[in-house]
Amino acid sequence: MVLPQSLLRSAQNHPMLIELKNGETYNGHLATCDSWMNIHLKDAICTSKDGDKFVKYPEVLIRGSTVKYIRIPEEVVDLVKKEAEEARKQQKDNKKFKKQWNNRGGGHNQRGGIQKSSGNQRNSRGGRGNFQNRN
């Protein structure tokens with residue numbers, strides 16, 4: 001599953017079509033996108049609701065709440081899916097690696113490890129709160 005914001009971040013510098021709630025459409029290259037899905041397009045062409053007027057803008061900022069839908073080329077979507085798969089695989093590998101070293105038992109003189117003791121001697125951590133040396 002690919003989240004919309006990660007898709008938009010990965011689609012930077014790629015062409016896209018954005019239709020607004022008022023019916024206007026914008027075709028351009030995505031420059032940036034923020035967490036409110038405000039979209040900054042470069043070399044954008046605005047088409048009116050009726051499709052009879054075309055205006056070219058060097059840059060356009062579109063408020064996220066006015067967007068009806070976004071059309072992104074299929075190759076960009078495929079690229080984002082591959083990136084997400086690789087990230088999941090990397091996380092899985094990291095979890096496996098951490099799990100190897102995150103077990104209890106830690107080794108010599110650690111919790112669950114082998115402790116050498118003879119009689120009433122406490123380990124070097126002081127025992128159970130009584131700091132007097134009991135020999």
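Keep in mind that glycine also has a Cβ here, set from the backbone N, Cα and C atoms.
Note that this is a predicted model, so its numbers are computed, not measured.
Record features, source TrEMBL:
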- 111-135: compositional bias 'Low complexity' (COMPBIAS)
- 3-76: domain 'Sm' (DOMAIN)
- 87-135: region 'Disordered' (REGION)
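Each residue in the domain 'Sm' (3-76) gets a DSSP state, and the totals come to 13 helix, 38 strand, 23 coil. If you take every residue in the domain 'Sm' (3-76) and average the pLDDT, you get 93.
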